[in-house]
Amino acid sequence: METNDDVSVREQLFHDRVREIIICVQLFVCLYILSYFILTHFKKNAEFATDDVEDATVNKIVLWLCTFTLSVAVGAVLLLPISILSNEVLLSFPHNYYMQWLNGSLIHGLWNLVFLFSNISLVFLMPFAYFFTESEGFVGSKKGVMARVYETTVMLLLLSLLVLGIVWVASALLHDNIARESLYDLWEYYLPYLYSCISLFGVLLLLLCTPFGMSRMFSITGSFLVKPRLLEDVEETMNCAVFEEASLSRKLKSSSTSCWLSLNMEAMKKQFVSIKAKRIALETRRKASAWQRNLGYPLVMLLLLALTVVCVLMVCFHVLELLFDESAMPRGMEDPRLGLASFSMFGSLGATMQVVLILYLMVSSVVGFYSSPLFSSLRPRAQDTNLTQIIGNCVCLLVLSSALPVFSRTLGITRFDLLGDFGRYNWLGNFHIVFLYNVLFAGFTSACLINTVTWVVQRELIRAFGASRAGHVSLRVSIACLLPCPDLQSISGSCWRVDSQKSSDGNFPGRSAEEGFLNSPEDFRPDLFSLSLRVIRSPEG
């Protein structure tokens, strides 16, 4: 009888293990396919359409490695949301047969796999991918893919020895016993220690990028929405785009006997395509309904403002918790007991809010990262991103995403404790670091939010009062076709913006064309210029 019970227990453990492996593989395959589509949207096709079979093979291998890394990054982003939602699902359906596969063992396994693959990607795969693209094989060896693999492997080993030596010496200066442990037990201590340093760097990067990204979210989101007519005149912008498109079209169709001295056709074609796309987008925005125009933009702005304010309030509350409650400190746990209690005092609604805030923090950090002047050169462009930039983007996104669980738990956005090796970081138990981190985040976010709101109000007030006092005629003049006058060749392709104040006799003040103004209204030639005229009248009439 005991033998049968022992066999049944082993069979149950075996089936549970197989089920977890199948679920993890299916999830990883879905993330891999999604990451592959994302990278193929941004990669430069010319690098994969080369006639050199060797270079094409190397580029494909590097693309596969980058796809693996990006899928791990996406999985790291989804770790906390999946864990929190799984706990709420088990609370809502505790005895449901179809939810038995969702348990603590599966969630713990996902955390361990993400930690392992993050280490492998950052320490081995991405350096290998970079050296692989730059390698050519050793001098005197037979050319081919394997020769480049050998050179890349040697370079990676040398780099690993260099990093090992630097970190071991640094740890020996701080803690001699720890240095011996890292030397004797490389896998159990050194890699988690190295990943802890990388995660600390990622958390510090999130501290700088997330507040800046939250402030940038307002302007970026507003650019995709149709603003109310009080904030944006779509008709005027549309007319300017139409005039610019017509002007560039005539320039492209002009004959070679024109008086233009230097005409960059490729740059002009790109400008024409961008202006045309802008005009099409403006047409779509002009056709938007009144509900979309008057309610969509305010509601989205209020939603972003509410999310930002809630984040700041939760961090401020967590600062007070750190002062009076030791359990508020982030720590790790080995056995996640899901389905026993909610991780939010507001139940399922609070848990859903935590998931939304975590995803909002990640999106804001990515926006702030690519908007910062230091990393703006890494910003990917559709069908125009080389492999080196793709590797750099994958590394940066993996560093940010793998630090997201620690970032969210440190700020008190969620009470879900870190699982596996994510909770083994040495600096997580330091009260001064955690407390200072929360205070800095609340201060930076509040400063960015206040600056964004006040700047928008100042801009609208300046535009409103400045326009009411101006009473001037704003003329935007762009050269539409060929200029027959040789004296004006120096201003070919330029765009004049003429702001003139009418005098008492109704004429324009006399200024020369070289100063950017016209002597009189009669100087305009309809056959030579396309003109966009906007008259802003003063309240006095």
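Positions of Cβ are set from backbone N, Cα and C atoms, glycine also.
TrEMBL does not curate its annotations; it predicts them automatically.
Among the features that TrEMBL reports, transmembrane segment is placed at 20-40 (among others). Beyond the transmembrane segment (20-40), the same-chain residues lying 6 or more positions past its ends with a Cβ under 8 Å from any Cβ of the stretch are 63, 66-68, 70-71, 74-75, 101, 105-106, 109-110, 113, 390.
Taken from TrEMBL, the feature transmembrane segment applies to 61-86 (among others). Packing against the transmembrane segment (61-86) from elsewhere in the chain are residues 27-28, 31-32, 34-36, 38-39, 43, 48, 102, 107, 110-111, 113-114, 117-118, 121, 125-126, 128-129, 132-133, 336, 338, 343, 351, 354-355, 358-359, 362, 387, 390-391, 394-395, 397-398, 400-402, 404-405, 408, 414, 416, 419: each is 6 or more residues past its ends and has a CB under 8 Å from a CB in it.
Counting residues 6+ beyond its ends, the transmembrane segment (106-132) has Cβ neighbours under 8 Å at 20, 23-24, 27, 58, 61-62, 65-66, 68-69, 72, 75-76, 79, 82-83, 86, 148-149, 151-153, 155-156, 159-160, 191, 194-195, 198, 334-336, 338, 388, 391, 394-395, 398-399, 402, 419-422 in the same chain. Marked as transmembrane segment by TrEMBL: 106-132 (among others).
Under the heading transmembrane segment, TrEMBL lists 153-173 (among others).
TrEMBL lists 193-214 (among others) with the feature transmembrane segment.
As annotated by TrEMBL, transmembrane segment applies to 295-320 (among others).
For 340-370 (among others), the entry in TrEMBL reads transmembrane segment. Tertiary proximity for the transmembrane segment (340-370) is limited to same-chain residues at least six positions away from its ends with a CB under 8 Å from its CB atoms, namely 77, 80-81, 84-85, 87-88, 91-92, 205-206, 208-214, 216-217, 220, 307, 310-311, 314, 376, 378-379, 396-397, 400-401, 404, 407-408, 413-416.
Summarising the annotation, TrEMBL assigns transmembrane segment to 390-411 (among others).
Residues or ranges marked as transmembrane segment by TrEMBL: 431-457 (among others). Beyond the ends of the transmembrane segment (431-457), by six or more residues, the same chain brings 203, 207-208, 210-212, 214-215, 218, 305, 308-309, 311-312, 315-316, 318-319, 322-323, 329-330, 410-412 to within a C-beta distance below 8 angstroms of the stretch.
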Distal contacts, the transmembrane segment (390-411) - CB-CB under 8 A, six or more residues away:
39, 42-43, 62-63, 66, 69-70, 72-74, 76-77, 79-80, 114, 118, 121-122, 126, 129-130, 133, 198-199, 201-203, 205-206, 209, 311, 314-315, 318, 330, 358, 361-362, 365-366, 369, 375, 378, 380, 417-418, 422, 425, 428, 434, 437-438, 441
Positions on the same chain near the transmembrane segment (295-320), where near means CB under 8 A and six or more residues out:
214, 217-218, 221-222, 225-228, 231, 288, 328, 353, 356-357, 360-361, 411-413, 435, 438-439, 441-442, 445-446, 449
